[in-house]
Amino acid sequence: MGNYFYCSFSSCNGQLSGVGSLARVCSCLSHCSATKVSLTSPLSLLLDLLPPGVCNLLNPAAIYANNEISLGDVEIYGFDYDYTLAQYSNLLHSMIFNTARDILIEQFKYPEGLAKYDYIPGFAIRGLHYDVQKSLLMKIDAFHYVQLGTAYRGLKPVPDEEVIELYGGTQHIPLYQMSDFYGKGPSLKQFMDIFSLPEMTLLSSVIDYFITHGIEFDQVHLYKDISDAIRDVHVKGVMYKWIEKDMEQYILHGDEIYAVLNRLVNHKKKLFLITNSPFSFVDKGMKHMVGKNWRDLFDMVIVQADKPNFFTDRRKPFRKLDDNGSLQWDKINQLEKGKIYKEGNLFDFLRLTGWRGSKVLYFGDHLYSDLADLMLRHGWRTGAIVPELETEIRIINTEQYMHSLTWQQALTGLLERMQMYQDAESKQVLLEWMKERQEIRSLTKNLFNPQFGSIFRTFHNPTYFSRRLVRFSDIYMASISCLLNYDVNFTFYPRRTPLQHEAPLWMDQLCTGCMKTPFLEEMVHIR
């Protein structure tokens with residue numbers, strides 16, 4: 001039998017027999033009535049590949065489900081505070097960076113030349129890994145592979161060849177070096193906290209200074225010093241004073257938070273708050289967002305909880321605070337509505353409240369510290385707050401992104417189908433396609449972040465962050481205010497996306513101008 005290529009374009013009548021070279025296949029495709037353009041004219045071809053209205057279908061205010069969950073079954077809603085109830089403006093990152101930088105100079109005696117470095121908004125993204133021994137900040141996918149082009153030492157990218165050499169001739173990071181359950185491995189640290197954005201930028205800036213000035217440094221000491229400087233900004237309460245002084249400038253979506261909490265209480269839901277922040281700071285922030293009687297909405301309020309230890313360590317008992325925030329000495333035998341508690345542990349919380357299993361839904365922004373233990377060990381439902389989702393969806397909705405993605409997928413399909421043609425002319429065409437595909441992948445990455453791309457994807461695989469997001473959250477959204485778009489009894493159903501062995505027909509539709517976007521149209525009307 002001769003070589004066969006199945007063509008789904010209408011004028012080819014299906015099967016082409018005896019095709020001897022890829023060039024002849026290209027010639028056939030370029031004359032198909034379904035395309036009416038040459039394959040070398042991607043912008044023209046995209047007009048046929050993209051159906052009208054395909055852009056702007058995803059809504060940044062929607063809630064996305066990893067697991068089926070009915071809000072009608074949820075009786076108790078729990079919340080973290082920072083970056084969950086209270087969302088902060090990006091100005092806070094600059095303040096954290098500048099203060100920690102000054103601590104390095106004044107207290108740790110680092111070179112005064114570091115004062116010339118300012119915070120770089122948009123340099124880093126959440127979910128990156130840092131190899132302490134190699135001074136590499138990089139993005140790793142769900143399969144433990146470094147995404148080439150996203151490894152940085154200081155503020156400069158490290159060549160792909162060097163990255164591969166550093167890891168023994170591979171992009172793969174072995175399991176024993178990877179982050180543990182809470183993002184801390186023997187040599188790699190994963191930055192999962194939104195507050196870690198200034199830390200990553202400061203780390204890169206200091207390394208850049210030392211490399212630029214030819215100063216030798218100990219990687220372990222440098223990492224620890226910067227971590228300690230960042231921690232001091234939080235522990236010593238400096239950050240809290242900035243926010244308290246100008247809440248209008250720092251806190252976002254405050255009026256919507258009141259609407260969410262009030263709506264839940266009106267539907268007879270119980271509410272609780274578990275946060276690592278101190279009471280005075282939380283009290284002022286909640287009064288700003290919700291009003292002076294905010295505590296009336298909550299059945300339990302627990303501050304300085306020391307998460308994630310709160311969820312795993314049974315030793316710390318609860319302590320009660322009076323209305324002025326002073327510690328009380330009496331033993332806690334019950335958790336009372338309207339009272340404020342400090343520290344404690346989840347096991348006493350469960351014993352004293354009886355709130356167990358899937359009737360509890362807890363929201364937090366940190367996948368490890370807030371959500372992992374609750375889902376895996378205690379069976380609570382979990383909701384991840386991912387503020388970056390709003391920006392990324394707006395990018396996905398642009399024509400530039402959709403055009404780039406669709407043409408990239410089309411090229412990938414052609415490469416897969418045509419790789420059996422190995423004559424000289426065909427090889428040249430394949431090489432050109434591969435080069436163009438790589439250029440488009442880089443372009444698509446840069447739409448999100450020039451250094452590291454999307455927090456959710458590498459070029460094609462989910463990121464390590466995405467893997468954890470799916471593992472530790474039932475639903476995820478850009479902010480708590482997204483709950484306002486859904487009925488309190490709404491059921492979230494995860495979309496049935498194709499597994500790889502289910503995908504061929506779906507991919508053919510994508511690459512031949514019949515792309516379907518089922519279930520998305522109704523999301524357009526949210527808000």
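Here the Cβ of each residue, glycine as well, is placed from N, Cα and C on the backbone.
It should be emphasised that the depicted structure is a prediction, and the values quoted were computed from it without experimental measurement.
What TrEMBL records for D80 is active site, nucleophile.
Per TrEMBL, the feature active site, proton donor maps to D82.
For D365 (Mg(2+) binding site), the count of additional Cβ atoms within 10 Å of its Cβ stands at 23 [all protein chains shown]. The annotation Mg(2+) binding site is assigned in TrEMBL to D80, D365.
The C-beta environment of D82 (active site, proton donor), restricted to residues of the same chain at least 6 apart in sequence and closer than 8 Å, consists of Y88, F195, T275, N276, S277, D365. The annotation GMP binding site is assigned in TrEMBL to D82.
Neighbour density for D80 (active site, nucleophile): within 10 A of its CB lie 25 other CB atoms from the protein chains shown.
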